[in-house]
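Peer 1: After the structure tokens below, expect a handful of questions from me.
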Amino acid sequence: MAAKDVKFGNDARIKMLRGVNILADAVKVTLGPKGRNVVLDKSFGSPTITKDGVSVAREIELEDKFENMGAQMVKEVASKANDAAGDGTTTATVLAQSIITEGLKAVAAGMNPMDLKRGIDKAVIAAVEELKKLSVPCSDSKAIAQVGTISANSDSTVGELIAQAMEKVGKEGVITVEEGSGLQDELDVVEGMQFDRGYLSPYFINKPETGSIELESPFILLADKKISNIREMLPVLEAVAKAGKPLLIIAEDVEGEALATLVVNTMRGIVKVAAVKAPGFGDRRKAMLQDIATLTAGTVISEEIGLELEKTTLEDLGQAKRVVINKDTTIIIDGVGDEAAIQGRVAQIRQQIEDATSDYDKEKLQERVAKLAGGVAVIKVGAATEVEMKEKKARVEDALHATRAAVEEGVVAGGGVALIRAAHAIAGLKGDNEDQNVGIKVALRAMESPLRQIVVNAGEEASVIANKVKAGEGSFGYNAYTEEYGDMIAMGILDPTKVTRSALQYAASIAGLMITTECMVTDLPRDDKGADMGAGGMGGMGGMM
């Protein structure tokens, strides 16, 4: 086991604080509308330019092991805030730095660290309650666009795009961000249920100019099995041909004789058919087939529940207004499913989301909800160069997380004002002893730090502006972008309550632990030179063979 380097008391805390400051100083230059970019060197490819706090934090590793421990703990603050709300990472880092700096000063002055931590925790619990009182619901497109704009570094086109996307697919809909091919940002909305499976044979194509298949008012056969024998399909095909409608077959697979016969029938115009594989694998495939069945008012033909293909009738088939199939995707538009049944299915999947433990499962279930409930919107980010594209895509993703958080828990006045109002409301809070009172003061002072940092980044005098904002009431604050005072909510400067709350809670949680640190232990650096000499001495062993 390697020898350890151990530091105690003030020595340990000074080292830790130095690491905290290096990381926080690198992150906090990005805060606010006039925050700057940080350039990150990559071991391969071109450097990345970012204004995203958590991206900067993740890149920082320090040479000194004790300083690095301090930096890594603050990195954890940024990561936790990012995981919880998807934004607010820089705010969380600034809050943590302030609590740690002020807290360690109090420890050096002889206060009890445990009571300081209790005081900080009391203040944060009270402040979170105040934030909830200050919060207003975020329901209309205008507010959503404003939240998106602020989070995307005052880029109003991004805010507008996100608001449009949410309007089209609903607040629960899936919105994804992709790299576009042009210079302009674009919004693509896929109405209806889309899944990533294309046609099984190009001979089904009936729109050669687009290389796709379009079926108007088709019947939809859903089979949870491989279909290779045409005989078991004949009754259904005959019934569909009599009805004079096209047929879409969604099955585990359609192969061999069955596929060949379907192709021949289609080419001769006897019956218009298209076949695609069912989406997903294993249990997820069964669930998605059931989703399609609910959407189209059909029945999944599965031997598990005693249904056979030979005995399938038109009543078992689903229906939709239109189906479009190309090489890679199938879109079912306007299924005839009963609205109540669809909502019931959505509620069932939502319950599974609550119970899901892995992020991957949650994401897949969320996609299923969106496909049933509204549709999928894709924001395609446009830029002139790859470096700009990556930076912009990261900003759009941040803005999207922020708007989702705003819809979830509402919004408060932005620009650090909400924290100042919350701090003012709990200024009379008292702890059980004097040390706890100092802890409360540390937290209250820290709650001013995001506003101060926004002002510093805008090149103004922090104390003057902070005092003027503190003297105001409600959502009165300072707009660093236009350099004027006013009602932040009226000016459209909004922060999601969830983002502000998460930033404060995670910053206080980790900063409180760091204040109570009395000893730090790390591995001593190994003397590689000595190790090499030892290994070199073994060279003579070869002669022993």
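Keep in mind that glycine also has a Cβ here, set from the backbone N, Cα and C atoms.
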Peer 1: Swiss-Prot records Thr30, Leu31, Gly32, Pro33, Lys51, Asp87, Gly88, Thr89, Thr90, Thr91, Asp495 as ATP-binding residues. Which of Gly170, Gly173, Gly415 is assigned to the same site?
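Peer 2: Candidate listed by Swiss-Prot for the same site: Gly415.
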Peer 1: At its widest, how many Å does the recorded ATP site span between Cα atoms of Thr30, Leu31, Gly32, Pro33, Lys51, Asp87, Gly88, Thr89, Thr90, Thr91, Gly415, Asp495?
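Peer 2: The widest Cα-Cα gap among those binding residues is 17 Å.
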Peer 1: Using a Cβ cut-off under 8 Å and a sequence separation of 6 or more, which residues in the same chain sit near Gly88 (ATP binding site)?
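Peer 2: Sequence-distant Cβ neighbours: Ala81, Asn82, Ala402, Asp495, Pro496, Val499, Thr500, Ser502, Ala503.
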Peer 1: Near Gly415 (ATP binding site), which residues of its chain come within a Cβ-Cβ distance under 8 Å, counting only those 6 or more away in sequence?
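Peer 2: In sequence order, the residues whose Cβ lies under 8 Å from that of Gly415 (ATP binding site) (at least 6 apart) are Gly32, Leu451, Ile454, Gly477, Tyr478, Asn479, Ala480, Met488, Ile493, Asp495.
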Peer 1: Can you name the residues of this chain that are 6 or more positions from Thr90 (ATP binding site) yet have a C-beta less than 8 Å from its C-beta?
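Peer 2: Sequence-distant Cβ neighbours: Val27, Lys28, Thr30, Leu31, Gly35, Gly53, Ala78.
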